[in-house]
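> Here it is: the structure, laid out below.
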Ligand code: ASP
């Protein structure tokens, strides 16, 4: 039998609804009472690392989680790890772990959209699915997998798409890498290896902002006055910005602070196409980086990791733009 660790970090999967309909953490983890029945599938050890609603998650805590997983796999010889997590920031933690961990053992992150005592609660079901995936013979070397609602997604591409639907996690551009049926686990996309970055601290200040029609210079200047290490902007379409905000961004670049463009469209890839004022070609000429295939929150995590790992200007550009 495989030896698996379940690391709890909080989220709806660790919560219950009270009579007034308010969902909040409970003193005993609701999944722990099922541990005996789950032990028939694998040798399972539960670890209670955090008890956080995931809006309280931070990159520093993600690093602590990543270091714990490394220790379990490399020193304590666990065959796989499951992380339970709130769904709100799950995709950021999953991607952080994808960059940080350099292990082939299966690592799955899961959560729930309905708390433990709600009708149709999906926490136990998703945990059981996560155990099945981690125990599957083909689950090695797949990066961090997000398992929810009978689907397996790659951390790099999945996102929470619905506020409340249990089918919330989707990979809009590429689809899931696998599915679960009642009897089987099927992987049907080959996992392409992503970047792995060496870092063991996480200290950089990298805000994420979203472009909107009529965005004005005073607003962006107030952001640029903050002590920044980098800035990520969800730009329009293929990577275009309102012309008024370009000048303050160029000042940041001149001060050696990387400014990274992603798209606020949730499909497609940014590329410098347009030559008008604020258009992608002009942004590229002025030194903004175009982060390929990443959402805003994930590009922010990646830029923080690259800065922490002391990549130089060209290395940051190449890693983001390849
Ligand atoms: N707000 C909750 C959280 O992210 C939602 C969830 O767990 O699904 O912790």
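Note: Cβ is positioned from N, Cα and C throughout, glycine not excepted.
Sharing the record's features from TrEMBL:
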ACT_SITE  12  active site
ACT_SITE  12  active site, O-isoaspartyl threonine intermediate
ACT_SITE  87  active site
BINDING   54, 87, 88  substrate binding site
DOMAIN    3-191  domain 'L-asparaginase N-terminal'
DOMAIN    206-318  domain 'Asparaginase/glutaminase C-terminal'
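Any idea what these are sitting next to in the structure?
Other Cβ atoms within 10 Å of the Cβ of residue 12 (active site) number 27 in total over all chains. In the three-state DSSP scheme, residue 12 (active site) is classed as helix.
In the three-state DSSP classification, residue 87 (active site) falls within coil.
In this view, residue 54 (substrate binding site) is surrounded by 21 other Cβ atoms within 10 Å of its Cβ, with every protein chain counted.
Mean per-residue pLDDT, taken over the domain 'Asparaginase/glutaminase C-terminal' (206-318), amounts to 96.
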> Under the DSSP assignment, what numbers of helix, strand and coil residues are found in the domain 'Asparaginase/glutaminase C-terminal' (206-318)?
45 helix, 17 strand, 51 coil
> Quick check: with 54, 87, 88 left out, which same-chain residues have Cβ atoms within 8 Å of the centroid of the substrate site Cβ atoms?
11, 12, 53, 55, 57, 85, 86, 89, 90, 111, 160
